[in-house]
Amino acid sequence: MIDTSLFQLICFYAFAAVTVVAALSVITLRNSVHAVLALVLTFFSTACIWMLAEAEFLAIALIVVYVGAVMVLFLFVVMMLDIDQEKLREGFVKFLPVGLVVAAVMLVEMLGLIGVRFMHAQTMGDNPATAAGMSNTAWLGMALYTQYLLPFEVAALILTVGVIAAVALTLRHRVGARKQHPSEQVAVKASDRVRIIKMAAERPTDSQPSPAQESKP
Amino acid sequence: MADQLINQLLLPLLYTLCVVLPLVIAVALYVWWERKVIGWMHVRMGPNKVGPFGLLQAFADVVKLLLKEVILPTSANKSLYYLAPLIALVPALAAWAVIPFSDKAVLSNANAGLLYLLAMTSLGVYGIILAGWSSNSRYALLGAMRSAAQVISYELAMGLCLVCVLVLSGSLNLTDIVHAQAGSKGLLDWFWLPLLPVFIVYFISGVAETNRAPFDVAEGESEIVAGFHVEYSGSAFALFFLAEYANMILVSFLASILFCGGWLSPFPASVPVLGDANPVWLAIKVFVFATLFLWFRATFPRYRYDQIMRLGWKVFIPIGIVWVLVAGCMKYYGWVHVGTGG
(Lines of atoms letter the chains of each structure in order from A and count residues from 1; the text may use other names and numbers.)
(Lines give C-alpha, C1' and ligand atoms only; values in the text may rest on other atoms or scores of the structure.)
Protein backbone atom coordinates (compact mmCIF):
# COMPACT_ATOMS: atom_id res chain seq x y z
CA MET A 1 0.00 0.00 0.00
CA ILE A 2 1.17 3.51 -0.70
CA ASP A 3 0.98 5.62 2.42
CA THR A 4 -0.67 8.92 1.46
CA SER A 5 1.11 11.01 4.08
CA LEU A 6 4.46 9.50 3.06
CA PHE A 7 3.63 10.26 -0.55
CA GLN A 8 2.81 13.85 0.42
CA LEU A 9 6.13 14.14 2.22
CA ILE A 10 8.02 12.83 -0.81
CA CYS A 11 6.17 15.31 -3.02
CA PHE A 12 6.99 18.14 -0.62
CA TYR A 13 10.71 17.34 -0.66
CA ALA A 14 10.70 16.98 -4.44
CA PHE A 15 9.02 20.38 -4.94
CA ALA A 16 11.23 21.98 -2.29
CA ALA A 17 14.36 20.61 -3.97
CA VAL A 18 13.23 21.99 -7.34
CA THR A 19 12.49 25.36 -5.71
CA VAL A 20 15.92 25.58 -4.10
CA VAL A 21 17.78 24.50 -7.23
CA ALA A 22 15.79 26.92 -9.39
CA ALA A 23 16.30 29.78 -6.94
CA LEU A 24 20.05 29.09 -6.92
CA SER A 25 20.20 29.07 -10.69
CA VAL A 26 18.45 32.47 -10.79
CA ILE A 27 21.61 34.02 -9.36
CA THR A 28 24.20 31.72 -10.97
CA LEU A 29 23.06 31.38 -14.59
CA ARG A 30 25.02 33.54 -17.02
CA ASN A 31 22.24 34.14 -19.49
CA SER A 32 19.72 36.60 -18.05
CA VAL A 33 16.78 35.13 -20.01
CA HIS A 34 17.60 31.72 -18.56
CA ALA A 35 17.74 33.33 -15.11
CA VAL A 36 14.24 34.79 -15.56
CA LEU A 37 12.96 31.37 -16.61
CA ALA A 38 14.56 29.84 -13.53
CA LEU A 39 12.65 32.41 -11.46
CA VAL A 40 9.45 31.31 -13.20
CA LEU A 41 10.24 27.72 -12.23
CA THR A 42 10.84 28.86 -8.65
CA PHE A 43 7.40 30.47 -8.50
CA PHE A 44 5.81 27.45 -10.09
CA SER A 45 7.27 24.93 -7.65
CA THR A 46 6.46 27.25 -4.73
CA ALA A 47 2.86 27.24 -5.96
CA CYS A 48 2.98 23.43 -5.97
CA ILE A 49 4.15 23.44 -2.34
CA TRP A 50 1.30 25.75 -1.35
CA MET A 51 -1.08 23.47 -3.21
CA LEU A 52 0.19 20.60 -1.02
CA ALA A 53 -0.58 22.75 2.03
CA GLU A 54 -4.17 23.07 0.73
CA ALA A 55 -3.80 26.78 0.04
CA GLU A 56 -5.20 26.40 -3.47
CA PHE A 57 -6.27 30.02 -3.91
CA LEU A 58 -2.85 31.41 -2.98
CA ALA A 59 -1.13 28.85 -5.20
CA ILE A 60 -3.19 29.65 -8.28
CA ALA A 61 -3.07 33.39 -7.59
CA LEU A 62 0.71 33.15 -7.49
CA ILE A 63 0.71 31.57 -10.94
CA VAL A 64 -1.86 33.94 -12.43
CA VAL A 65 -0.29 37.12 -11.06
CA TYR A 66 3.44 36.44 -10.92
CA VAL A 67 4.02 33.78 -13.57
CA GLY A 68 1.27 34.92 -15.93
CA ALA A 69 1.75 38.67 -15.78
CA VAL A 70 4.71 40.01 -13.79
CA MET A 71 7.29 37.56 -15.12
CA VAL A 72 6.09 38.02 -18.70
CA LEU A 73 6.84 41.73 -18.36
CA PHE A 74 10.19 40.89 -16.74
CA LEU A 75 11.06 38.58 -19.61
CA PHE A 76 9.91 41.26 -22.02
CA VAL A 77 12.36 43.78 -20.53
CA VAL A 78 15.26 41.35 -20.15
CA MET A 79 14.91 40.22 -23.77
CA MET A 80 15.31 43.80 -24.90
CA LEU A 81 18.49 44.34 -22.90
CA ASP A 82 21.76 43.66 -24.62
CA ILE A 83 23.82 42.95 -21.53
CA ASP A 84 27.53 42.37 -21.83
CA GLN A 85 27.74 39.15 -19.85
CA GLU A 86 31.52 39.31 -19.29
CA LYS A 87 31.32 42.82 -17.82
CA LEU A 88 28.66 41.63 -15.39
CA ARG A 89 30.86 38.83 -14.15
CA GLU A 90 33.86 41.11 -13.58
CA GLY A 91 32.75 42.40 -10.21
CA PHE A 92 31.92 38.96 -8.87
CA VAL A 93 35.00 38.56 -6.66
CA LYS A 94 35.10 42.24 -5.70
CA PHE A 95 31.54 42.24 -4.38
CA LEU A 96 31.70 38.75 -2.89
CA PRO A 97 32.60 39.91 0.69
CA VAL A 98 29.73 42.42 0.74
CA GLY A 99 27.35 39.78 -0.54
CA LEU A 100 28.53 37.29 2.06
CA VAL A 101 28.01 39.82 4.88
CA VAL A 102 24.47 40.59 3.70
CA ALA A 103 23.71 36.88 3.38
CA ALA A 104 25.10 36.18 6.87
CA VAL A 105 23.03 38.99 8.43
CA MET A 106 19.89 37.71 6.72
CA LEU A 107 20.61 34.17 7.87
CA VAL A 108 21.04 35.28 11.48
CA GLU A 109 17.82 37.32 11.33
CA MET A 110 15.85 34.43 9.89
CA LEU A 111 17.24 31.98 12.42
CA GLY A 112 16.34 34.42 15.20
CA LEU A 113 12.82 34.78 13.86
CA ILE A 114 12.38 31.03 13.56
CA GLY A 115 13.77 30.62 17.10
CA VAL A 116 11.33 33.18 18.56
CA ARG A 117 8.44 31.56 16.75
CA PHE A 118 9.57 28.17 17.96
CA MET A 119 9.60 29.33 21.58
CA HIS A 120 6.06 30.66 21.28
CA ALA A 121 5.10 27.60 19.36
CA GLN A 122 1.43 26.85 19.37
CA THR A 123 0.03 23.83 17.70
CA MET A 124 -1.77 24.98 14.62
CA GLY A 125 -5.51 24.59 14.76
CA ASP A 126 -7.47 22.68 12.19
CA ASN A 127 -7.68 24.13 8.73
CA PRO A 128 -10.52 26.68 9.22
CA ALA A 129 -11.75 26.10 5.68
CA THR A 130 -12.28 22.38 6.21
CA ALA A 131 -13.72 23.11 9.65
CA ALA A 132 -16.29 25.41 8.07
CA GLY A 133 -16.98 22.83 5.36
CA MET A 134 -16.13 25.23 2.55
CA SER A 135 -13.53 25.23 -0.20
CA ASN A 136 -10.34 27.15 0.51
CA THR A 137 -11.25 29.91 -1.96
CA ALA A 138 -14.77 30.39 -0.62
CA TRP A 139 -13.55 30.54 2.98
CA LEU A 140 -10.82 33.04 2.10
CA GLY A 141 -13.35 35.25 0.33
CA MET A 142 -15.72 35.05 3.27
CA ALA A 143 -12.99 35.99 5.75
CA LEU A 144 -11.58 38.80 3.59
CA TYR A 145 -14.90 40.47 2.86
CA THR A 146 -16.44 40.19 6.32
CA GLN A 147 -13.89 39.94 9.10
CA TYR A 148 -11.03 41.80 7.39
CA LEU A 149 -13.03 44.13 5.14
CA LEU A 150 -11.40 47.37 6.31
CA PRO A 151 -7.75 46.23 6.04
CA PHE A 152 -8.58 44.72 2.67
CA GLU A 153 -10.07 47.97 1.40
CA VAL A 154 -7.14 49.97 2.75
CA ALA A 155 -4.68 47.67 0.97
CA ALA A 156 -6.66 48.06 -2.25
CA LEU A 157 -6.61 51.84 -1.87
CA ILE A 158 -2.84 51.87 -1.31
CA LEU A 159 -2.35 49.77 -4.44
CA THR A 160 -4.56 52.14 -6.45
CA VAL A 161 -2.50 55.09 -5.22
CA GLY A 162 0.61 53.22 -6.33
CA VAL A 163 -0.81 52.70 -9.81
CA ILE A 164 -1.79 56.35 -10.14
CA ALA A 165 1.65 57.42 -8.91
CA ALA A 166 3.36 55.19 -11.47
CA VAL A 167 1.23 56.61 -14.27
CA ALA A 168 1.79 60.19 -13.07
CA LEU A 169 5.56 59.66 -12.94
CA THR A 170 5.84 58.39 -16.49
CA LEU A 171 3.16 60.50 -18.15
CA ARG A 172 4.74 63.58 -19.68
CA HIS A 173 2.97 65.89 -22.03
CA ARG A 174 5.41 66.51 -24.84
CA VAL A 175 5.01 69.45 -27.11
CA GLY A 176 4.61 68.64 -30.74
CA ALA A 177 3.62 65.03 -30.21
CA ARG A 178 1.16 63.84 -32.81
CA LYS A 179 -1.95 62.01 -31.75
CA GLN A 180 -4.81 60.24 -33.40
CA HIS A 181 -8.33 60.86 -32.21
CA PRO A 182 -10.40 57.85 -33.19
CA SER A 183 -13.69 59.56 -32.42
CA GLU A 184 -12.85 62.33 -34.90
CA GLN A 185 -11.64 59.78 -37.42
CA VAL A 186 -14.87 57.88 -37.17
CA ALA A 187 -16.97 61.03 -37.40
CA VAL A 188 -15.34 62.14 -40.65
CA LYS A 189 -17.69 62.55 -43.61
CA ALA A 190 -16.82 62.44 -47.27
CA SER A 191 -17.69 66.16 -47.57
CA ASP A 192 -14.88 67.00 -45.09
CA ARG A 193 -12.24 65.49 -47.32
CA VAL A 194 -13.42 65.85 -50.90
CA ARG A 195 -15.02 68.90 -52.49
CA ILE A 196 -17.04 68.22 -55.57
CA ILE A 197 -17.54 71.23 -57.80
CA LYS A 198 -19.72 71.60 -60.83
CA MET A 199 -18.06 73.01 -63.95
CA ALA A 200 -18.50 72.92 -67.66
CA ALA A 201 -16.46 70.36 -69.59
CA GLU A 202 -13.24 71.74 -71.09
CA ARG A 203 -11.32 70.68 -74.13
CA PRO A 204 -7.53 70.82 -73.77
CA THR A 205 -6.27 73.63 -76.03
CA ASP A 206 -2.66 72.41 -76.08
CA SER A 207 -2.50 69.59 -78.66
CA GLN A 208 1.26 68.90 -78.35
CA PRO A 209 2.04 65.33 -77.27
CA SER A 210 3.60 65.15 -73.81
CA PRO A 211 7.33 64.33 -73.60
CA ALA A 212 6.62 61.15 -71.61
CA GLN A 213 4.74 59.67 -74.56
CA GLU A 214 7.52 60.57 -76.97
CA SER A 215 10.28 58.84 -75.09
CA LYS A 216 8.35 55.58 -75.01
CA PRO A 217 10.31 52.89 -76.92
CA MET B 1 -0.97 -2.21 -4.35
CA ALA B 2 -1.80 -3.28 -7.88
CA ASP B 3 -5.40 -2.22 -7.33
CA GLN B 4 -4.31 1.19 -6.15
CA LEU B 5 -1.93 1.59 -9.06
CA ILE B 6 -4.70 0.86 -11.53
CA ASN B 7 -7.19 3.16 -9.79
CA GLN B 8 -4.91 6.10 -9.16
CA LEU B 9 -2.50 5.99 -12.08
CA LEU B 10 -3.77 3.96 -14.99
CA LEU B 11 -7.42 5.06 -15.03
CA PRO B 12 -6.70 8.82 -14.89
CA LEU B 13 -4.17 8.27 -17.68
CA LEU B 14 -6.82 6.51 -19.76
CA TYR B 15 -9.38 9.24 -19.08
CA THR B 16 -6.84 11.87 -20.06
CA LEU B 17 -6.22 10.04 -23.33
CA CYS B 18 -9.99 9.98 -23.87
CA VAL B 19 -9.91 13.79 -23.83
CA VAL B 20 -6.63 14.47 -25.61
CA LEU B 21 -7.01 12.09 -28.57
CA PRO B 22 -10.46 13.38 -29.62
CA LEU B 23 -9.07 16.90 -29.12
CA VAL B 24 -6.23 16.28 -31.58
CA ILE B 25 -8.66 14.78 -34.10
CA ALA B 26 -11.01 17.71 -33.52
CA VAL B 27 -8.14 20.08 -34.30
CA ALA B 28 -7.48 18.26 -37.58
CA LEU B 29 -11.16 18.45 -38.55
CA TYR B 30 -11.32 22.08 -37.42
CA VAL B 31 -8.46 22.97 -39.75
CA TRP B 32 -10.32 21.25 -42.59
CA TRP B 33 -13.54 23.08 -41.66
CA GLU B 34 -11.67 26.40 -41.54
CA ARG B 35 -10.28 25.94 -45.03
CA LYS B 36 -13.68 24.81 -46.32
CA VAL B 37 -15.61 27.69 -44.73
CA ILE B 38 -13.16 30.37 -45.77
CA GLY B 39 -13.08 28.80 -49.22
CA TRP B 40 -16.87 29.09 -49.53
CA MET B 41 -16.75 32.68 -48.30
CA HIS B 42 -14.19 33.42 -51.01
CA VAL B 43 -16.32 31.52 -53.58
CA ARG B 44 -13.69 28.77 -53.82
CA MET B 45 -13.98 25.04 -53.26
CA GLY B 46 -11.53 24.62 -50.40
CA PRO B 47 -9.68 21.31 -50.06
CA ASN B 48 -11.57 18.65 -52.05
CA LYS B 49 -9.02 16.21 -53.44
CA VAL B 50 -7.77 14.10 -50.50
CA GLY B 51 -10.49 11.75 -49.26
CA PRO B 52 -14.24 12.39 -49.42
CA PHE B 53 -14.94 16.18 -49.44
CA GLY B 54 -11.20 16.66 -48.84
CA LEU B 55 -11.69 15.42 -45.28
CA LEU B 56 -8.29 13.70 -45.17
CA GLN B 57 -6.44 16.86 -46.24
CA ALA B 58 -5.58 17.81 -42.64
CA PHE B 59 -4.22 14.34 -41.91
CA ALA B 60 -2.12 14.43 -45.07
CA ASP B 61 -0.75 17.80 -43.92
CA VAL B 62 0.14 16.34 -40.52
CA VAL B 63 2.11 13.52 -42.16
CA LYS B 64 3.86 16.06 -44.39
CA LEU B 65 4.80 18.25 -41.40
CA LEU B 66 6.07 15.33 -39.35
CA LEU B 67 8.30 14.10 -42.18
CA LYS B 68 9.93 17.50 -42.72
CA GLU B 69 13.24 18.49 -41.22
CA VAL B 70 13.33 20.72 -38.13
CA ILE B 71 15.83 23.45 -38.93
CA LEU B 72 17.81 25.21 -36.22
CA PRO B 73 18.63 28.81 -37.20
CA THR B 74 22.22 30.05 -36.88
CA SER B 75 23.18 31.12 -33.36
CA ALA B 76 19.70 30.37 -32.07
CA ASN B 77 19.41 29.49 -28.41
CA LYS B 78 19.18 25.74 -28.92
CA SER B 79 17.60 24.54 -25.68
CA LEU B 80 14.92 27.26 -25.58
CA TYR B 81 14.29 26.90 -29.32
CA TYR B 82 13.27 23.28 -28.86
CA LEU B 83 11.52 23.90 -25.53
CA ALA B 84 9.26 26.74 -26.75
CA PRO B 85 6.76 24.65 -28.78
CA LEU B 86 6.33 22.33 -25.81
CA ILE B 87 5.76 25.26 -23.44
CA ALA B 88 3.08 26.52 -25.84
CA LEU B 89 1.37 23.14 -26.10
CA VAL B 90 1.39 21.90 -22.49
CA PRO B 91 -0.86 24.64 -20.97
CA ALA B 92 -3.17 24.38 -24.00
CA LEU B 93 -3.71 20.69 -23.17
CA ALA B 94 -3.57 21.04 -19.37
CA ALA B 95 -6.49 23.47 -19.35
CA TRP B 96 -8.80 20.67 -20.54
CA ALA B 97 -8.49 18.95 -17.15
CA VAL B 98 -11.32 21.01 -15.63
CA ILE B 99 -13.64 21.31 -18.67
CA PRO B 100 -16.92 19.49 -17.96
CA PHE B 101 -18.52 17.78 -20.98
CA SER B 102 -21.69 16.86 -19.15
CA ASP B 103 -22.98 16.47 -15.60
CA LYS B 104 -20.52 13.74 -14.70
CA ALA B 105 -17.97 13.70 -17.52
CA VAL B 106 -15.09 15.82 -16.27
CA LEU B 107 -11.48 14.85 -15.59
CA SER B 108 -11.11 16.90 -12.42
CA ASN B 109 -14.15 18.52 -10.81
CA ALA B 110 -11.89 21.07 -9.10
CA ASN B 111 -13.45 23.69 -6.85
CA ALA B 112 -11.15 26.39 -8.16
CA GLY B 113 -11.67 25.35 -11.79
CA LEU B 114 -12.11 28.86 -13.17
CA LEU B 115 -8.94 30.09 -11.44
CA TYR B 116 -7.04 27.09 -12.76
CA LEU B 117 -8.18 27.91 -16.28
CA LEU B 118 -7.04 31.50 -15.89
CA ALA B 119 -3.64 30.27 -14.69
CA MET B 120 -3.23 27.83 -17.56
CA THR B 121 -4.26 30.24 -20.31
CA SER B 122 -1.84 32.83 -18.94
CA LEU B 123 1.05 30.37 -19.26
CA GLY B 124 0.67 29.84 -22.99
CA VAL B 125 2.27 33.20 -23.80
CA TYR B 126 5.66 31.93 -22.62
CA GLY B 127 5.84 29.57 -25.56
CA ILE B 128 5.30 32.45 -27.97
CA ILE B 129 7.77 34.82 -26.30
CA LEU B 130 10.50 32.20 -25.99
CA ALA B 131 9.98 31.04 -29.58
CA GLY B 132 10.37 34.64 -30.75
CA TRP B 133 13.45 35.33 -28.68
CA SER B 134 15.31 32.05 -29.11
CA SER B 135 15.09 31.86 -32.90
CA ASN B 136 17.44 34.86 -33.24
CA SER B 137 15.36 36.56 -35.91
CA ARG B 138 14.07 40.13 -36.11
CA TYR B 139 10.64 39.15 -37.39
CA ALA B 140 10.21 36.49 -34.73
CA LEU B 141 11.23 38.89 -31.94
CA LEU B 142 8.80 41.55 -33.20
CA GLY B 143 6.00 39.00 -33.26
CA ALA B 144 6.83 37.85 -29.74
CA MET B 145 6.82 41.42 -28.38
CA ARG B 146 3.48 42.23 -29.96
CA SER B 147 1.97 39.01 -28.71
CA ALA B 148 3.20 39.50 -25.14
CA ALA B 149 1.70 42.99 -24.87
CA GLN B 150 -1.56 41.88 -26.45
CA VAL B 151 -2.07 38.75 -24.38
CA ILE B 152 -1.39 40.56 -21.09
CA SER B 153 -3.82 43.37 -21.93
CA TYR B 154 -6.64 41.09 -22.95
CA GLU B 155 -6.11 38.73 -20.04
CA LEU B 156 -7.21 41.54 -17.71
CA ALA B 157 -10.44 42.10 -19.64
CA MET B 158 -11.03 38.35 -19.73
CA GLY B 159 -10.43 38.08 -15.98
CA LEU B 160 -13.02 40.80 -15.29
CA CYS B 161 -15.55 38.94 -17.46
CA LEU B 162 -14.92 35.76 -15.47
CA VAL B 163 -15.41 37.73 -12.23
CA CYS B 164 -18.90 38.73 -13.44
CA VAL B 165 -19.77 35.09 -14.13
CA LEU B 166 -18.57 33.94 -10.74
CA VAL B 167 -20.39 36.77 -8.94
CA LEU B 168 -23.68 35.60 -10.49
CA SER B 169 -23.08 31.87 -10.09
CA GLY B 170 -21.36 32.13 -6.70
CA SER B 171 -18.93 29.36 -7.60
CA LEU B 172 -15.59 28.80 -9.28
CA ASN B 173 -16.56 25.25 -10.19
CA LEU B 174 -17.46 24.98 -13.88
CA THR B 175 -20.10 22.29 -13.31
CA ASP B 176 -21.77 24.47 -10.66
CA ILE B 177 -21.65 27.44 -13.03
CA VAL B 178 -23.62 25.45 -15.60
CA HIS B 179 -26.11 24.34 -12.93
CA ALA B 180 -26.54 27.96 -11.88
CA GLN B 181 -27.83 28.70 -15.39
CA ALA B 182 -30.54 26.04 -15.24
CA GLY B 183 -34.12 27.29 -15.12
CA SER B 184 -37.59 26.88 -16.51
CA LYS B 185 -37.15 29.42 -19.32
CA GLY B 186 -34.31 27.58 -21.07
CA LEU B 187 -32.34 29.92 -23.29
CA LEU B 188 -33.40 33.04 -21.36
CA ASP B 189 -31.98 31.74 -18.06
CA TRP B 190 -28.41 31.57 -19.28
CA PHE B 191 -25.88 34.17 -18.26
CA TRP B 192 -25.51 35.68 -21.73
CA LEU B 193 -28.63 37.77 -21.15
CA PRO B 194 -27.78 39.53 -17.85
CA LEU B 195 -24.10 39.65 -18.84
CA LEU B 196 -24.57 40.52 -22.53
CA PRO B 197 -21.82 43.19 -22.82
CA VAL B 198 -19.42 41.04 -20.83
CA PHE B 199 -20.25 38.00 -22.98
CA ILE B 200 -19.31 39.92 -26.12
CA VAL B 201 -16.17 41.30 -24.49
CA TYR B 202 -15.23 37.81 -23.35
CA PHE B 203 -15.49 36.24 -26.77
CA ILE B 204 -13.59 39.06 -28.49
CA SER B 205 -10.89 38.87 -25.79
CA GLY B 206 -10.77 35.13 -26.42
CA VAL B 207 -10.11 35.78 -30.11
CA ALA B 208 -7.36 38.25 -29.14
CA GLU B 209 -5.92 35.88 -26.54
CA THR B 210 -5.52 33.11 -29.11
CA ASN B 211 -3.84 35.54 -31.55
CA ARG B 212 -6.44 34.95 -34.23
CA ALA B 213 -7.56 37.33 -36.96
CA PRO B 214 -8.40 40.22 -36.70
CA PHE B 215 -5.98 40.30 -33.73
CA ASP B 216 -3.24 38.25 -35.41
CA VAL B 217 -0.53 40.93 -35.27
CA ALA B 218 1.74 38.34 -33.62
CA GLU B 219 1.78 36.45 -36.93
CA GLY B 220 0.85 39.24 -39.34
CA GLU B 221 1.78 37.46 -42.58
CA SER B 222 1.81 40.67 -44.59
CA GLU B 223 3.98 42.60 -42.10
CA ILE B 224 6.37 40.24 -40.32
CA VAL B 225 6.09 37.09 -42.45
CA ALA B 226 4.81 34.70 -39.78
CA GLY B 227 5.85 36.38 -36.55
CA PHE B 228 7.05 34.27 -33.68
CA HIS B 229 7.13 30.94 -35.53
CA VAL B 230 8.76 32.17 -38.74
CA GLU B 231 11.90 30.06 -38.14
CA TYR B 232 10.06 26.90 -37.13
CA SER B 233 9.53 24.04 -39.53
CA GLY B 234 8.31 20.47 -39.49
CA SER B 235 7.01 18.95 -36.27
CA ALA B 236 8.03 21.96 -34.11
CA PHE B 237 5.75 24.16 -36.22
CA ALA B 238 3.03 21.50 -36.01
CA LEU B 239 3.09 21.79 -32.19
CA PHE B 240 2.46 25.57 -32.35
CA PHE B 241 -0.34 24.95 -34.80
CA LEU B 242 -1.88 22.30 -32.53
CA ALA B 243 -1.63 24.61 -29.49
CA GLU B 244 -3.31 27.51 -31.30
CA TYR B 245 -6.24 25.45 -32.53
CA ALA B 246 -6.63 23.61 -29.21
CA ASN B 247 -6.84 27.04 -27.55
CA MET B 248 -9.48 28.20 -30.03
CA ILE B 249 -11.62 25.16 -29.26
CA LEU B 250 -11.02 25.78 -25.55
CA VAL B 251 -12.27 29.38 -25.80
CA SER B 252 -15.33 28.11 -27.69
CA PHE B 253 -15.99 25.60 -24.91
CA LEU B 254 -15.58 28.27 -22.23
CA ALA B 255 -17.91 30.72 -23.95
CA SER B 256 -20.52 27.93 -24.19
CA ILE B 257 -20.09 26.78 -20.60
CA LEU B 258 -19.81 30.16 -18.88
CA PHE B 259 -22.40 32.15 -20.81
CA CYS B 260 -24.54 29.75 -22.84
CA GLY B 261 -25.52 27.11 -20.36
CA GLY B 262 -23.10 24.34 -21.35
CA TRP B 263 -25.06 21.14 -21.93
CA LEU B 264 -28.41 22.70 -20.96
CA SER B 265 -31.11 22.82 -23.58
CA PRO B 266 -32.14 26.16 -25.12
CA PHE B 267 -35.77 25.02 -24.95
CA PRO B 268 -37.83 25.31 -21.75
CA ALA B 269 -37.82 22.17 -19.63
CA SER B 270 -41.53 21.63 -20.42
CA VAL B 271 -40.75 20.69 -24.05
CA PRO B 272 -40.36 16.89 -24.30
CA VAL B 273 -37.00 15.42 -25.47
CA LEU B 274 -35.71 18.75 -26.84
CA GLY B 275 -35.90 20.28 -23.37
CA ASP B 276 -33.54 17.75 -21.81
CA ALA B 277 -29.95 18.59 -20.98
CA ASN B 278 -27.61 16.75 -23.31
CA PRO B 279 -23.91 17.00 -24.23
CA VAL B 280 -25.09 17.32 -27.85
CA TRP B 281 -26.26 20.86 -26.99
CA LEU B 282 -22.76 21.66 -25.78
CA ALA B 283 -21.30 20.30 -29.02
CA ILE B 284 -23.68 22.46 -31.08
CA LYS B 285 -22.80 25.61 -29.12
CA VAL B 286 -19.08 24.92 -29.37
CA PHE B 287 -19.43 24.36 -33.11
CA VAL B 288 -21.18 27.72 -33.51
CA PHE B 289 -18.48 29.60 -31.56
CA ALA B 290 -15.67 27.77 -33.34
CA THR B 291 -17.20 28.70 -36.68
CA LEU B 292 -17.47 32.35 -35.54
CA PHE B 293 -13.66 32.35 -35.21
CA LEU B 294 -13.40 31.41 -38.90
CA TRP B 295 -16.06 33.90 -39.96
CA PHE B 296 -14.14 36.69 -38.21
CA ARG B 297 -10.99 35.67 -40.04
CA ALA B 298 -12.67 35.77 -43.43
CA THR B 299 -14.44 39.08 -42.74
CA PHE B 300 -12.31 41.56 -40.81
CA PRO B 301 -9.06 43.24 -41.80
CA ARG B 302 -6.26 43.09 -39.26
CA TYR B 303 -6.30 45.60 -36.38
CA ARG B 304 -3.40 48.00 -36.11
CA TYR B 305 -1.28 47.54 -32.98
CA ASP B 306 -2.35 50.80 -31.31
CA GLN B 307 -5.99 50.05 -32.11
CA ILE B 308 -5.68 46.71 -30.33
CA MET B 309 -4.23 48.38 -27.24
CA ARG B 310 -6.90 51.07 -27.24
CA LEU B 311 -9.70 48.54 -27.57
CA GLY B 312 -8.32 46.43 -24.74
CA TRP B 313 -7.48 49.11 -22.21
CA LYS B 314 -9.93 51.89 -22.95
CA VAL B 315 -13.03 49.97 -23.97
CA PHE B 316 -13.05 46.40 -22.68
CA ILE B 317 -11.55 46.89 -19.22
CA PRO B 318 -13.89 49.79 -18.29
CA ILE B 319 -16.89 47.76 -19.52
CA GLY B 320 -15.69 44.84 -17.43
CA ILE B 321 -15.24 46.95 -14.28
CA VAL B 322 -18.66 48.57 -14.62
CA TRP B 323 -20.36 45.25 -15.26
CA VAL B 324 -18.78 43.68 -12.19
CA LEU B 325 -20.67 46.31 -10.19
CA VAL B 326 -23.86 45.72 -12.20
CA ALA B 327 -23.55 41.95 -11.67
CA GLY B 328 -23.07 42.59 -7.95
CA CYS B 329 -26.30 44.63 -7.85
CA MET B 330 -28.15 41.94 -9.84
CA LYS B 331 -27.05 39.33 -7.36
CA TYR B 332 -27.70 41.46 -4.27
CA TYR B 333 -31.19 42.57 -5.25
CA GLY B 334 -32.03 39.21 -6.78
CA TRP B 335 -32.84 40.57 -10.25
CA VAL B 336 -31.49 37.44 -11.87
CA HIS B 337 -32.80 33.93 -11.49
CA VAL B 338 -29.88 31.71 -10.47
CA GLY B 339 -30.48 27.96 -10.52
CA THR B 340 -29.43 25.82 -7.62
CA GLY B 341 -26.03 24.18 -7.78
CA GLY B 342 -25.96 20.38 -8.05
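In case you wondered, yes, glycine gets a Cβ from its N, Cα and C as well.
As the structure is a computational prediction, the values presented were derived from the model and not from experiment.
Check TrEMBL against the ranges B:40-59, B:280-299 and you find transmembrane segment recorded for B:280-299. Sequence-remote contacts of a segment are chain residues at least 6 beyond its ends whose Cβ falls under 8 Å from one of its Cβ atoms, and for the transmembrane segment (B:80-101) they are 16, 19-20, 23, 72-73, 107-110, 113, 116-117, 120-121, 123-124, 126-128, 130-131, 133-135, 174-175, 178, 232, 236-237, 239-240, 242-244, 246-247, 250, 253-254, 257, 262-263, 279, 282. Within the chain, the transmembrane segment (B:154-175) has long-range Cβ neighbours (under 8 A, six or more residues past its boundaries) at 98-100, 103, 106, 109-115, 117-118, 121-122, 181, 191, 194-195, 198-199, 201-202, 205-206, 208-209, 257-259, 262, 312, 316-317, 320-321, 323-324, 327-328, 330-331, 336, 338, 341.
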